[in-house]
Amino acid sequence: MGHSHSTGKEINDNELFTCEDPVFDQPVASPKSEISSKLAEEIERSKSPLILEVSPRTPDSVQMFRPTFDTFRPPNSDSSTFRGSQSREDLVACSSMNSVNNVHDMNTVSSSSSSSAPLFVALYDFHGVGEEQLSLRKGDQVRILGYNKNNEWCEARLYSTRKNDASNQRRLGEIGWVPSNFIAPYNSLDKYTWYHGKISRSDSEAILGSGITGSFLVRESETSIGQYTISVRHDGRVFHYRINVDNTEKMFITQEVKFRTLGELVHHHSVHADGLICLLMYPASKKDKGRGLFSLSPNAPDEWELDRSEIIMHNKLGGGQYGDVYEGYWKRHDCTIAVKALKEDAMPLHEFLAEAAIMKDLHHKNLVRLLGVCTHEAPFYIITEFMCNGNLLEYLRRTDKSLLPPIILVQMASQIASGMSYLEARHFIHRDLAARNCLVSEHNIVKIADFGLARFMKEDTYTAHAGAKFPIKWTAPEGLAFNTFSSKSDVWAFGVLLWEIATYGMAPYPGVELSNVYGLLENGFRMDGPQGCPPSVYRLMLQCWNWSPSDRPRFRDIHFNLENLISSNSLNDEVQKQLKKNNDKKLESDKRRSNVRERSDSKSRHSSHHDRDRDRESLHSRNSNPEIPNRSFIRTDDSVSFFNPSTTSKVTSFRAQGPPFPPPPQQNTKPKLLKSVLNSNARHASEEFERNEQDDVVPLAEKNVRKAVTRLGGTMPKGQRIDAYLDSMRRVDSWKESTDADNEGAGSSSLSRTVSNDSLDTLPLPDSMNSSTYVKMHPASGENVFLRQIRSKLKKRSETPELDHIDSDTADETTKSEKSPFGSLNKSSIKYPIKNAPEFSENHSRVSPVPVPPSRNASVSVRPDSKAEDSSDETTKDVGMWGPKHAVTRKIEIVKNDSYPNVEGELKAKIRNLRHVPKEESNTSSQEDLPLDATDNTNDSIIVIPRDEKAKVRQLVTQKVSPLQHHRPFSLQCPNNSTSSAISHSEHADSSETSSLSGVYEERMKPELPRKRSNGDTKVVPVTWIINGEKEPNGMARTKSLRDITSKFEQLGTASTIESKIEEAVPYREHALEKKGTSKRFSMLEGSNELKHVVPPRKNRNQDESGSIDEEPVSKDMIVSLLKVIQKEFVNLFNLASSEITDEKLQQFVIMADNVQKLHSTCSVYAEQISPHSKFRFKELLSQLEIYNRQIKFSHNPRAKPVDDKLKMAFQDCFDQIMRLVDR
């Protein structure tokens, strides 16, 4: 309970168990004239065997005769049942006369006596705290064994549950305490939704004021004691009808029709008006007036109850949705206390007291201590000890930093870990651990408070129910995705709390919207270490943020590590050393940035031609060894030294101005190479390029003009901006022509045009390379070779994996043809030291920049204020989101490694193991300008090593999440080990405009994707790209949903047909294993170019998804037509002789049952489109229909009992009511 924190919770799970009114089989009759005799009969009947026989355990032969849903008319009534009851309080009091008042003197109920114990029904959901209390759902039936001394609690045995699933069946027979006012006798009218008991005429009109025509309720008459009144709303007015009783104890409104029970009367008038102004259609929901007061514990009811006259309220400390927190004075003990007051009608009392019920069992020096409660009258209080410094969040923000050195911060964190370790050992979860919910007392003593969301775990995990809400930025991924919580979920929240403490109260994930947090976490991003944070503390944060709960430490281990850190006495020295490094790097980086700014300003005085050059400069504005200022929350060298001990580079992470984004964890640090290496090497090329002032520059794409101007900080003059734009537009046509003329479509490709916001590709170059190699001009075009390489890489990535290795002109430029420098492939171009690539990635993981999250196309927000950011970030925004890209290992170690033949042989061996790794996806917005051209077939291998890296690293992030994997939808799971890198990409990419745009050209491009076999020169194309996922033009694979794959399989036909065609096209296969894999797994199929007709036409993705399930919306006409079909089948079925069991009859039974099931599912969808009142009745009818359908379906068994005529009538009656409701 935070003094300055909101006392209200996001939501309380106790409200999530909302369910429909229970189904009861027993009717209710009117009261006798004498109250005493009526109560005596009621108690006797509640113990009678007749009532005890009617339960969910009742045989179908008894339950099958219900003609309609039981909310209005419980069947199976007889003359012995009574019509009504007095108030529930009288019933409880009378029922308790035979019980033992003192709990200590209560007798043990034997099996024989428990069978005669009174049967009660739960009116509301009750969630017991601890093992002594019995949790109930609304509608559950219990037998009362006894009461405590003040009758506030009763000990009950669970007799039956509303749901007869396996988990509930195991609970039958459990014994525990429940509040007396949460249950009512089985024959009580309180179980009906429409019965409101003793309410006034004006109250009934107020309740029906929010209803519609047909809304009604039944109440006790104010003027005629012992009789009832129906209040019904029609055309904006409320009409009241008294229910009369004749000499034979029958109830009626008009003399024409009379009834023995109130339930029968209400049901009749729900079908026929018969004197009422309209039908009784929509029962008005009643307030939970019965959920009144009860003591905190059944065994010690007065232990925590305090006299509110002893408490003097002082100033208000904080407030929230559900109540306020005050500073108070306790006169008896002469001490200051904190009082948490519940606002009237803000939340149910039992939910408010659940927090106190948990706190009373917790006693630890680092947990806020409960002193008592005041629950006898409103407002209700929870009283705890007073913490003078308020909550931890505000304390960190307002306190002078000099008073909170690092050693004090770590001590605070250690105290919190100690308290959480105590909760962990006692199987409690907090679920709302944050700085705002921790309180600070004198001498920096910290205690955990606010247990409103805390729960006791009977198993290893606790699952919150649908609709529960929690603080997103503090909740673990399994809690956000599946509402599953454990102590390891609190460990995740502790990592965020530790980050709050280290930043003196800053909000986590700065600049990230709540809707984007889960996407960042799922794709490996984590927050950077705070500035000056010691590596050991940041390491602990990252351990708490492991994706798999099993990989996170326990609180006792966290507490042990923090205590060791405190005792080491080296914490302050580490912090000072870290800050000194950061300051030195910042000074050096500022100096370099100022030089770049001066060059940029000097260029602004040149012509529009030079403006375009300067726009290119924004893509390559760093020198070979940049030192970027280490701003807040930037991962520094020491921050990640425990991840990569072999790191020797001194380059820090790149960050633009504005709030940073979380970096990936240690398994996912490789993507950061893309920007750091590009920034470090492209600067030399950019500077040389400026001095050469070549005329053949890339034109400004129309859609990137504003981005380019914004990136330069608005320094481009307006006139020059317009001239540059117009000049670029004039050059677009000629530039396109030169692009199309190039054999590979990459000779004149534009980086600014080819790479969109969602591009995942760049060309990282190692620092050790001589930058002069990349600034020489190509003899054919006179253009900068380095720029041509980048364009070529980005261009050819969209065509085929074979083109990944074509840009070796820097190593052996003479091998390129004069006509098309990048057009042909040859064996000399395969010069990649594969085995050194991982080492390079590992050695550069610390110097790489933090990946910038992609735009909203990938469901991650992008900083709007990145003016000083290099344009190279535009080309790498998705880096790190989907795992390391294969650009990491491309052309990295060309100069370092000279053993090309060995590398080539090693590469071929590697290819044979990795040739089925799926392509990756790069959403490029300008794919429409990229033609597909023929490629040389002389090469025997395919460069797919980067795919292996991507799949491997992505698997590291998610392969240990076994508790969560089965919850994931198909589109988020890996189809096999080699395709784990495609996890969750389709979910983000579905909303991407860029992805949708590039998908238009997939049909044209996919059949032309060449792929070479490692064991021959036969040129084949994959015919099952629809299985691995739709291949984007850039060469990546998108994971498909299950219904997409199913529809594609249907179009493909059987596996044997496809395999036979492939065998005809490729008659000679060298490896039997491949042939076996071809027939076994569709994802491994390969065919020749002649098999293009096997590939089905690509549908529009939106149509494909929506059309597969919701081809047409559920309409009233659809339901009516289905009803007519079932009606006809029903008539035909029962026209057959009942004794005749033929195959025809059996088949008709199954067909009709299936159609009824189809009707049930269709109506369930239709029910969501109608008014809430109609939905209530609709669902009741559907539930009844399902029961009848089940009974009829199994009645076709020759050994089964033949269908009774009453069941037929009941089914027909229920069926007719559904038809009337649909028509109405």
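We count from 1, first residue shown onward.
Every residue gets a Cβ built from N, Cα and C, even glycine.
Remark: secondary structure over the domain 'SH3' (115-188) totals 10 helix, 30 strand, 34 coil, with classes taken from DSSP. Summarising the annotation, Swiss-Prot assigns domain 'SH3' to 115-188.
Over the domain 'Protein kinase' (311-562) the predicted model carries a mean pLDDT of 89. For 311-562, the entry in Swiss-Prot reads domain 'Protein kinase', with the evidence type sequence analysis.
Following the DSSP three-state reduction, the secondary structure of Met387 (ATP binding site) is coil. Marked as ATP binding site by Swiss-Prot: 317-325, Lys340, 385-391.
Under DSSP, Asp432 (active site, proton acceptor) is assigned to coil, being neither helix nor strand in the three-state scheme. Around Asp432 (active site, proton acceptor), a 10 Å sphere centred on its CB holds 23 further CB atoms from the protein chains shown. Per Swiss-Prot, the feature active site, proton acceptor maps to Asp432.
Residues annotated as motif 'Kinase activation loop' in Swiss-Prot, with similarity to another entry given as evidence: 450-474.
The region 'Disordered' annotation in Swiss-Prot covers 579-671 (among others).
Taken from Swiss-Prot, the feature compositional bias 'Basic and acidic residues' covers 579-620 (among others).
What Swiss-Prot lists as compositional bias 'Polar residues' is 639-655 (among others).
What Swiss-Prot lists as region 'Disordered' is 736-775 (among others).
The annotation compositional bias 'Polar residues' is assigned in Swiss-Prot to 746-760 (among others).
As annotated by Swiss-Prot, region 'Disordered' applies to 796-881 (among others).
Residues or ranges marked as compositional bias 'Basic and acidic residues' in Swiss-Prot: 797-819 (among others).
Taken from Swiss-Prot, the feature compositional bias 'Basic and acidic residues' covers 864-877 (among others).
Under the heading region 'Disordered', Swiss-Prot lists 914-937 (among others).
For 968-1016 (among others), the entry in Swiss-Prot reads region 'Disordered'.
Residues or ranges marked as compositional bias 'Polar residues' by Swiss-Prot: 973-984 (among others).
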Here the binding-site residues are Gly320, Gly323, Gly390; which one has the lowest number of other Cβ atoms no more than 10 Å from its Cβ?
Gly320
Quiz question: given the binding-site residues Leu317, Met387, which has the greatest number of C-beta atoms lying within 10 angstroms of its own C-beta?
Met387
Whole-number answer please: how many Å between the C-alpha atoms of Gly390 (ATP binding site) and Asp432 (active site, proton acceptor)?
17
Between Gly320 (ATP binding site) and Asp432 (active site, proton acceptor), find the distance joining the two CA atoms and give it rounded to the nearest Å.
15
Lys340 (ATP binding site) has its Cβ surrounded, within 10 angstroms, by a count of other Cβ atoms equal to 28
Between the C-alpha atoms of Leu317 (ATP binding site) and Asp432 (active site, proton acceptor), the distance in angstrom, to the nearest integer, is 20
Secondary structure composition of the motif 'Kinase activation loop' (450-474) [DSSP: H/G/I, E/B, coil]
3 helix, 4 strand, 18 coil
Inter-residue C-alpha distance, Gly323 (ATP binding site) and Asp432 (active site, proton acceptor) (nearest angstrom):
17
